[in-house]
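Lifted from TrEMBL, the feature list:
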- A:15-359: domain 'Aminoacyl-transfer RNA synthetases class-II family profile' (DOMAIN)
- A:ASP89, A:LEU90, A:THR91, A:ARG119, A:GLN133, A:ASP137, A:ARG290, A:TYR294, A:TYR295: L-histidine binding site (BINDING)
Number of protein chains: 2
Amino acid sequence: MARIAPLSGFPEWLPDGRVVEQHVLDTLRRTFELHGFAGIETRAVEPLDQLLRKGETSKEVYVLRRLQAQDDAAAPDTQADKQLGLHFDLTVPFARYVLENAGRLAFPFKRYQIQKVWRGERPQDGRFREFVQADIDVVGAGELPYHYEVELPLVMAAALGALAGVGLPPVRILVNNRKVAEGFYRGLGLDDVEGVLRHIDKLDKIGPDAVAALLVQECGATTEQATACLELAAISGSDASVTDAVRALAASHGAVTDLLETGLTELGALIEAAAVRAPGVVVADLKIARGLDYYTGSVYETVLVGHEALGSICSGGRYDTLASDGKSTYPGVGLSIGVSRLVSRLLSAGLVRATRGVPTAVLVAVMSEEDRAASDAVADALRARGIPADVAPKVAKLGKQIQVADRRGIPFVWFPGETDQVKDIRSGEQAAADAGEWAPPAEDWWPRVVPGA
Amino acid sequence: MARIAPLSGFPEWLPDGRVVEQHVLDTLRRTFELHGFAGIETRAVEPLDQLLRKGETSKEVYVLRRLQAQDDAAAPDTQADKQLGLHFDLTVPFARYVLENAGRLAFPFKRYQIQKVWRGERPQDGRFREFVQADIDVVGAGELPYHYEVELPLVMAAALGALAGVGLPPVRILVNNRKVAEGFYRGLGLDDVEGVLRHIDKLDKIGPDAVAALLVQECGATTEQATACLELAAISGSDASVTDAVRALAASHGAVTDLLETGLTELGALIEAAAVRAPGVVVADLKIARGLDYYTGSVYETVLVGHEALGSICSGGRYDTLASDGKSTYPGVGLSIGVSRLVSRLLSAGLVRATRGVPTAVLVAVMSEEDRAASDAVADALRARGIPADVAPKVAKLGKQIQVADRRGIPFVWFPGETDQVKDIRSGEQAAADAGEWAPPAEDWWPRVVPGA
């Protein structure tokens, strides 16, 4: 094997980076479970025809071929219905899982799912071809009450908030409601709602003047209508003033509709609940459009304060048809955290670090190979009491064995003897100890994740 | 979407099955970490030429193609060096990771890795196309002391033993040493060591007579040599009598060699240590051959007692060259648990079950939608104290809300009121409670995994 270069777009971490990632994953899992979400895992592949149902994403799919299946390779396009591709998100597999198991699930079904997904796009600035997503969704059978649209961003606020202690910057969850946008546009007389949303979604990239021009050119808007759309998109805030501002704007343009009013009631309820349960985190931002056309109610994006250029690290929304089997329709609401993107930023910006890259709290020295069994017995006694321990790779002078621990960040070295001794190699303190009783301080027991600076 | 059938060979679990799998994974991870193994995760893909280095496995590889990359599809075979495939084990990616990061790792490097792997074979009796493996390996730079060959099966014994309480049957780890087999065969005058091992590996399938015939026909053995090989393969035991028996057999055939003696010393040391640290678990079994030719010392297989037909659930061995970059060689020893196969058997044979499929311990009832905020506050108060809680999906009569909990296996329903009440819906007991103080009994706090019957 010659020298090996990393594959662009396929991130991997060194052991201490993995400690950080694992802590993020454990924290998310715990928060999701505290909120009653059941964990599931789906296979990595779906039939290609299912993955291609949303035409837009087709170019991102990795298709699988068994190496010996020459026929498949010769005529890949004619066999699309038999082919398998790697999932590019966790929503498509979840929708399939719900249909496949509908009779065995209790609805509303709350699930979290933390898995890798793959997208065959050109890797660029923080875009990965393989990355971990952490999704929560609630799906109902036939109906799904609005209050879940309030609950889900608050669960994510709790999950991300639980990482603040280790150095995750504060997050801001930006929310909007499709009914507000659609009700307002229709009230204005603009019927190409999807077109308008698609252009509004470009505001941060191309600016208001370019968006206004596009609305006029491509959505048939008058200059006044285009201006009204931009005025709506400029509204944001985290209290009732937001809905008041939208109502006033709509009234001034004669754009009040029932749909708008429904949307404002919903958005208002979300802002109100968020102000109590996660003060300062949730902000109504009327420019949030989310490109995808299947959202029908609340939509969410999340920025890391101070790292806004990273883009949204946690997005989602309400969809009236997550899945449908002809008989029943399954509406849902969900959000997805881009874990790899988040962890990559935490590590590369030095925002967090692991106190060590190995689990080991104690390295037991070995005085001679004949005494290895005694050292093993010490390590086993510590492990039996939940203390991660390892035994020195080989016999060496004490200084050398301390070096073995030091290189790995292991804080304690144990010296078996007539009376066992344990040394904190950072302070140099050494004391007699009994493997059946001694324990490391809580902060040294397991590797921890701490703020970087 | 029409009716959906599962994909054969791609196992998925319902939420209560996932609780079981997650418990297995958590237990393995904790045991590995207690023994000082650092967790890593590698990308799911490797360059195809790396995956094909062992020609034998080539037919199992899933090759990736980006859907829009027509060129790749047109000439798949000429582009093998640029193509990516899904890893079919965790050893090939680990070897690559070690070479890629050698300068940033401390050797001997102990790592565990729990990930999915993919094999494009025809699914049959318990063979999966996608499955989870849990691997531990120790890899050295240039050298790796023998004692790791003793340690690794004992770590697996501890990991699998930690699952006995939830209903995993006892395991038996069968060990052998390549040096014993090779030393004995060469002492007999048989030089086609790989050929003999390959046929001995078939003993359980085709029986001793057929193996003897193959040894004569294909390895140039005399009848007497073939019989000697079968006599060696028939030896097993868990104390020093095993090495004594091999020595006696070798002496009777004039087949004593230095290599044999080295192997017997190693095997004896393993058996002796195992008798102390994991009594009754490790058995020397001289017929264990392991088909793969890269093993150079200890080899391991593991059977579930009473489920021997399932085959080995945890296998591995010592290899002198896990990886090599021209300058350095990295010897290693490792074992791999087939987690999906194990979990599949645990579930399908009803050996274990989860006490519930949701994390939720308490469902907070909702008396009217106006009071939902009060119910949310109760749930948040419980969660803040680490108690998984959920709020009823909608307002309903109390009996209906209890039904919602009952269908999910949630043991407690909370009724907010002037004085809050909490009801154990299994016993019907109900008592006043304060969300800032009440806690469920430890056994109801989280879903548990318990023996099935």
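Backbone N, Cα and C atoms are what each Cβ position is placed from, and that goes for glycine too.
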Interface-adjacent binding-site residues, chosen from A:ASP89, A:THR91, A:GLN133, A:ARG290, A:TYR295 when a CB lies under 8 A of chain B: none
The one of A:THR91, A:GLN133 whose CB sees the fewest other CB atoms within 10 Å, among these binding-site residues: A:GLN133
Conformational class of A:THR91 (L-histidine binding site) under the three-state DSSP mapping: helix
Three-state secondary structure, A:GLN133 (L-histidine binding site) (per DSSP): strand
Farthest-apart CA atoms of A:ASP89, A:LEU90, A:THR91, A:ARG119, A:GLN133, A:ASP137, A:ARG290, A:TYR294, A:TYR295, residues recorded for L-histidine, distance in Å: 22
